[in-house]
Amino acid sequence: SPTGSHVEWCKQLIAATISSQISGSVPSEGVSRDYRALRDGNKLAQMEEAPLFPGESIKVIAKDVMYICPFMGAVSGTLTVTDFRMYIKSVERDPPFVVDVPLGVISRVEKIGVQSHGDNSCGIEIVCKDMRNLRLAYKQEEQSRLEIFENLVTRAFPVSNGLPLFAFSYKEKFAVNGWKVYDPMAEYKRQGLPNESWKISKINSTYELCDTYPAILVVPTSVKDDDLSKVAAFRAKGRVPVLSWIHPESQATITRCSQPSVGPNDKRCKEDEKYLQTIMDANAQSHKLIIFDARQNSVADTNKAKGGGYESESAYPNAELVFLEIHNIHVMRESLRKLKEIVYPTIDETRWLSNVDSTHWLEYIRMLLAGAVRIADKIESGKTSVVVHCSDGWDRTAQLTALAMLMLDSYYRTIKGFEVLIEKEWLSFGHRFAMRVGHGDDDHADADRSPIFLQFIDCVWQMTKQFPAAFEFNELFLITILDHLYSCLFGTFLCNCEKERLKEASKYTKTVSLWSYINSQLDEFTNPFYVNYENHVLYPVASLNHLELWVNYYVRWNPRMRPQVPIHQNLKELLAIRTELQKKVEDLQREAATRSISSSSDRGSSPSHSATPVHTSV
């Protein structure tokens with residue numbers, strides 16, 4: 001199949017999630033013993049070269065490189081660096097030992113001394129964004145230390161070295177075009193828009209109103225473009241309140257924006273005040289508007305002193321302001337750093353729970369879920385429209401609106417619906433993926449880096465644990481999304497906003513969408529327990545005793561933490577059984593319907609039939 005090479009590689013990349021098949025042994029890092037990977041296992045076992053994707057090329061090969069595995073000691077093999085991956089393979093072991101790391105996953109590369117491998121040994125430490133570190137050692141006379149190091153650095157950080165990301169070279173063909181997954185007009189039509197209160201506006205078609213917003217916006221019908229421009233001037237980065245979601249019955253809405261530029265002198269904007277009143281008036285079921293400010297109250301006050309701020313009761317008399325007290329991107333980055341320290345490479349089992357608690361990671365996940373539940377509850381139970389913002393409206397705001405929409409709308413809990421949710425609330429509304437992830441950038445200490453999208457996916461995973469039949473997708477789906485958040489194999493998560501992608505359209509449209517891969521392999525990502533309950537609202541319990549660390553993601557590189565049964569394979573078998581049973585049910589239903597029609601026909605034509613006829617009036 002045209003997708004075969006990619007399917008196999010993806011399985012290898014997330015092999016630790018799938019499981020080890022050999023109880024008690026330490027499996028190779030990044031090598032799947034999975035069903036499909038076994039097809040070409042014998043052939044691959046004899047090869048030291050990396051399997052290449054269409055468009056991928058080898059840049060350097062180094063023999064006798066020592067991979068210093070923290071779990072099974074030093075392993076000697078061949079290192080291959082391509083324009084996409086770092087690939088280490090040792091055929092001395094059975095099964096072969098493989099480390100396969102997309103270069104986009106690498107956060108930094110550093111030279112280190114390796115005293116335990118001889119006086120002339122050189123070392124490289126590779127720090128990754130996906131919770132693991134790698135150490136390599138090699139003898140200087142065997143291979144130029146500079147050549148290996150420079151090739152790794154150059155290819156791992158192409159943007160910093162004037163080179164294109166590999167996504168622009170990747171040539172794999174898939175049966176489905178993932179770029180067609182999201183059509184904003186179709187999505188708004190699905191929500192019943194436009195209607196008498198809300199219109200689809202093209203005021204931002206050239207990104208002049210707001211350069212980080214999408215071209216198509218939904219705003220109140222009565223608002224004039226001139227007033228909208230004045231509101232944009234009053235909101236940080238021009239990010240005016242626009243509709244994200246509307247309740248199909250109550251017409252209560254979720255709108256998102258950035259903070260108002262109130263400043264220390266309590267500046268006001270009558271157009272902004274009228275605009276929020278119009279949003280409230282569009283919902284006849286409530287005479288109040290709830291403004292959820294994701295920030296801590298103290299931080300919002302600091303922002304106000306610097307020219308930002310929040311909506312006051314005096315300026316917005318029909319609005320209620322609620323601070324959700326969620327910490328900023330810097331706190332989240334530090335929390336993830338602490339988490340990485342306790343999960344890789346070694347785990348202190350005697351202090352595991354206290355160590356996890358000390359990172360505050362689950363506490364921050366709890367705060368996000370709790371905030372989203374409050375938003376969803378105001379919409380569903382309170383029938384009240386809400387406005388959501390943080391400072392700039394592209395980090396915590398995206399987390400909260402997307403999570404609340406996931407709770408409220410069962411469509412977003414399907415595979416395609418979740419892809420639409422990411423495209424809409426994250427990509428089109430300008431979450432700064434390139435800046436937060438640092439695609440191809442060697443500045444690992446950049447203060448703009450932060451695991452905002454990772455936190456969102458973690459929250460989604462927590463919801464799937466509490467509602468195991470409510471989501472069409474499985475855990476592998478979420479992990480695959482996160483792996484390709486970093487890999488730079490697909491074009492989906494590149495750039496910071498829609499305008500940037502349009503500017504690079506000649507190159508960007510030639511990249512492959514992550515959804516092309518996923519939607520060509522739906523069986524891999526489907527939850528066999530899924531039940532489609534339409535109009536069913538989910539309220540996850542946002543308390544620490546109902547949350548858990550996502551071990552299959554954060555701790556997957558530690559072989560001793562992996563499940564010893566092939567979970568993914570078992571789920572696939574269940575899915576196949578379910579499909580077979582569904583087919584049998586459909587066949588029986590058709591057979592029963594045919595018999596019913598035949599029986600009715602026989603009764604109608606039989607002169608001895610004594611049943612009372614059914615009379616219909618015309």
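Placement of Cβ uses the backbone N, Cα and C atoms for every residue, glycine included.
TrEMBL does not curate its annotations; it predicts them automatically.
Marked as active site, phosphocysteine intermediate by TrEMBL: CYS390. Under the heading substrate binding site, TrEMBL lists ASN303, LYS304, ALA305, LYS306, ASN328, ILE329, CYS390, SER391, ASP392, GLY393, TRP394, ASP395, ARG396. The compositional bias 'Low complexity' annotation in TrEMBL covers 596-610. For 178-554, the entry in TrEMBL reads domain 'Myotubularin phosphatase'. What TrEMBL records for 359-421 is domain 'Tyrosine specific protein phosphatases'. Summarising the annotation, TrEMBL assigns region 'Disordered' to 588-618.
Feature map: TrEMBL annotations on the structure.
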| residue | record | Cβ contacts under 8 Å, 6 or more apart |
| --- | --- | --- |
| ASN303 | substrate binding site | GLN259, ARG295, GLY309, SER391 |
| ALA305 | substrate binding site | PRO264 |
| ASN328 | substrate binding site | ARG295, VAL299, SER391 |
| CYS390 | active site, phosphocysteine intermediate | SER258, GLN259, ASP293, ALA294, ARG295, ILE326, ARG396, THR397 |
| ASP392 | substrate binding site | ALA236, LYS237, ARG239, SER258, GLN259 |
| TRP394 | substrate binding site | THR212, ARG239, SER258, PHE429, GLY430, HIS431, ARG432 |
Can you tell me whether DSSP puts ALA305 (substrate binding site) in helix, strand or coil?
helix
Counting every protein chain shown, other Cβ atoms within 10 Å of the Cβ of ARG396 (substrate binding site) number 29
Using DSSP, tally how many residues of the domain 'Tyrosine specific protein phosphatases' (359-421) sit in helix, strand and coil.
45 helix, 4 strand, 14 coil
Between 0 and 100, where does the mean pLDDT of the domain 'Tyrosine specific protein phosphatases' (359-421) sit?
99
DSSP three-state call for ASN328 (substrate binding site): helix, strand or coil?
coil
Per the record, substrate is bound by ASN303, LYS304, ALA305, LYS306, ASN328, ILE329, CYS390, SER391, ASP392, GLY393, TRP394, ASP395, ARG396: how many Å separate the farthest pair of Cα atoms?
21
